[in-house]
Amino acid sequence: MGGPWKPLGTCTLLVLLLTLLMLQVRATHPDCSIVLYFQEQEAECLEIIRSERQTPTHPGEQGCLTEWDGVSCWSAVPVGQSRAVACPDILHVFKKSKVLIQRNCTESGWSFPSPPYYNACELEDIGSNNDTEAKASYFVTMKVLYTCGYSTSLAALFLAISIFSCFRKLHCTRNSIHIHFFTSFILRGAAVFIKDAVLFSDESVDHCTMSTVNCKAAIAFFQYSVLANFYWLLVEGMYLQTLLLLTFTSDKRYIWWYILIGWGVPMLTVCTWVVTRLQYDNHGCWDDYTSLYWWVIKAPILLAIFVNFLIFLNVTRMLAQKIWSPDISKNYKQQYMRLTKSTLLLIPLFGVHYVVFALFPEHIGVDARLYFELVLGSYQGFLVALLYCFLNGEVQAEIKRNWGKWQSSMESNVFNLVTQDFTA
């Protein structure tokens, strides 16, 4: 029943999906959502078919059973009747069409679709082979750029953490928070490399249908590192505001609250997300951002950005008051400027593009989104290390002081060796 059409329809669908997947070799959205759409439709149809087979048929009843043709599910009808379906409602694949596709139930089975899918359902323009090659080249270039960016950031962050850890005079609550912030960037860079290694190391693997424990763990770790990154930026803003508000209060009493916010809130969020996906949406590799459960991750990030923006406005207001106040000495004004310039620069830098893209669906501005999140985002760790460590006057002074001590020690050792040789 419908034998010649079924393999033809399946092959046509596979060719279409392969063409679409070639357009964005690394992106899992929106291409994987297309695959998942057809998988869900097929699963629902096959479930109906199984239930029909379990239902006993009465003698004399004739008709066409439910059939999945690779694109649509045709419900069972008696002989002599027909079914009509619309084109699959998939954004950016089929153009909207009011044409209905009809199949009749004959004594020999289902008839061929009329009109055929390729006439009734007009495809969106998906580009030529040259466009496909250009897309592939574009993503290869993107991967090279963000690999260099994350490698540079990781090297700078490890060096910055070493500097803060080695010099005793730099041990304080402020620099301890910086170290945690640096660590969140290290985790984020490592998570990107791990995700690439698990999801994209083998080109023969279908990334859309991959559903292994390793790939889900890699995605969960990536989401945790991104959340921790935003929440440690929030902690930086909170610490700066506390420092300006409570000048004479010891800041050590708050360090454990900062650690709880920076690492604990992301952990709680990701655990909730993992349990939710396991319970209600456990398909694929959990990297389909069209899922409603993605808001379990997205909402806390937007909340952190929003709170940080309020802190940004409040700190700017307090800083302006302190700078223009006649009761504040010049030295204190310079200190306030030094404490705030790095954080005030980072807060809008880290959140603006995320808020802008959050207002649009995931398929809008994919190229721009990837450029900001992968290429520019890969160098954020280097920028943080530069602002908080390498351009920090206190750090520079401590390095110069220790460098001078080391040179004096070396000169003293050389002098002692020369003197010993001369007197021997």
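Glycine residues also receive a Cβ, built from the backbone N, Cα and C atoms like all the rest.
Automatic prediction, not curation, is the source of TrEMBL annotations.
The model shown is predicted, which means the values in this text are computed figures rather than measured ones.
Now, the feature entries from TrEMBL:
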- 1-27: signal peptide (SIGNAL)
- 44-125: domain 'G-protein coupled receptors family 2 profile 1' (DOMAIN)
- 142-392: domain 'G-protein coupled receptors family 2 profile 2' (DOMAIN)
- 144-167: transmembrane segment (TRANSMEM)
- 179-200: transmembrane segment (TRANSMEM)
- 230-248: transmembrane segment (TRANSMEM)
- 255-275: transmembrane segment (TRANSMEM)
- 295-315: transmembrane segment (TRANSMEM)
- 343-364: transmembrane segment (TRANSMEM)
- 370-391: transmembrane segment (TRANSMEM)
Could you tell me the mean pLDDT the prediction assigns to the domain 'G-protein coupled receptors family 2 profile 1' (44-125)? 81
With pairs fewer than 6 apart in sequence excluded, do the transmembrane segment (230-248) and the transmembrane segment (295-315) have three or more C-beta pairs that lie under 8 Å? yes
Looking only at the domain 'G-protein coupled receptors family 2 profile 1' (44-125), how are its residues distributed among DSSP helix, strand and coil? 15 helix, 23 strand, 44 coil
Long-range Cβ contacts under 8 Å made by the transmembrane segment (179-200), restricted to residues 6 or more beyond its ends, are 26, 28, 143, 146-147, 150, 153-154, 157-158, 160-161, 164-165, 207, 210, 214-215, 218-219, 221-222, 224-226, 228-229, 231-233, 235-236, 258-259, 262-263, 285, 287, 374, 378, 380-381, 384-385, 388
